[in-house]
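Student: Encoded as C-alpha cells, here's the structure I'll be asking about.
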Amino acid sequence: MKKHGVLNSEIASILASLGHTDTIVIADCGLPIPDGVKRIDLAVEIGKPSFLDVLQVVADDMAIEKVTLAEEVINNNAEINKEIELKLVEPALEYVSHEQFKEHTKKAKAIIRTGEATPYANVILHAGVIF
C-alpha cells in the first residue's frame, strides 16, 4: 500500500506516465469531456471532492511547467482563480478563452472530474521535468 502521494490508482498511473509537456485536466462536474480522452470520475456528489482538494493532491505529486485556465474564471470565479495563483506559484499561468480551453482538453492524457459545481473551476496542467 502506498504511504504518500496520490492513492487513486488511475491518477497515480497517469502521473507516472506523463512526459514533458503532456497535459492533464482537473475539471468541475460540468466540463464536457471529449470523446477519446480518458475520464477519471471522482465526483460522488455536488461539491465532493472539491476542485481545490484534488488540485492540491495532484500538484503535490506532479512536476508542473505551465497552467492553463479559462480567462472567464477571473471575473466569474475570482476565489478559485486566487487559490490557483496561491497554490501554483512556480509554474507560468496562461489564460485562454473558455472555447480555446475546451479545444485544448482534446489533447489531454486524462481529465479528472471532481464534484465542484462553481463556474470555470477547470485547469490544464502541463507536465514539466524534475531535473
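Every residue gets a Cβ built from N, Cα and C, even glycine.
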Student: For the substrate site, Swiss-Prot lists H98, Y120, A121, N122; sort out which one of D28, D35 goes with them.
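Tutor: The one candidate that Swiss-Prot places in that substrate site: D28.
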Student: DSSP on H98 (substrate binding site), three-state: which is it?
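Tutor: SS state of H98 (substrate binding site) = helix.
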Student: Non-local Cβ contacts of H98 (substrate binding site) (under 8 Å, 6 or more apart, same chain)?
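Tutor: Residues satisfying the criterion: A70, E71, E72, Y120.
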Student: Distance between D28 (substrate binding site) and H20 (active site, proton donor) at the Cα atoms, whole Å?
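Tutor: Between the Cα atoms of D28 (substrate binding site) and H20 (active site, proton donor), the distance comes to 25 Å.
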Student: Can you give me the Cα-Cα distance between A121 (substrate binding site) and H20 (active site, proton donor) in Å, rounded to a whole number?
Tutor: 24
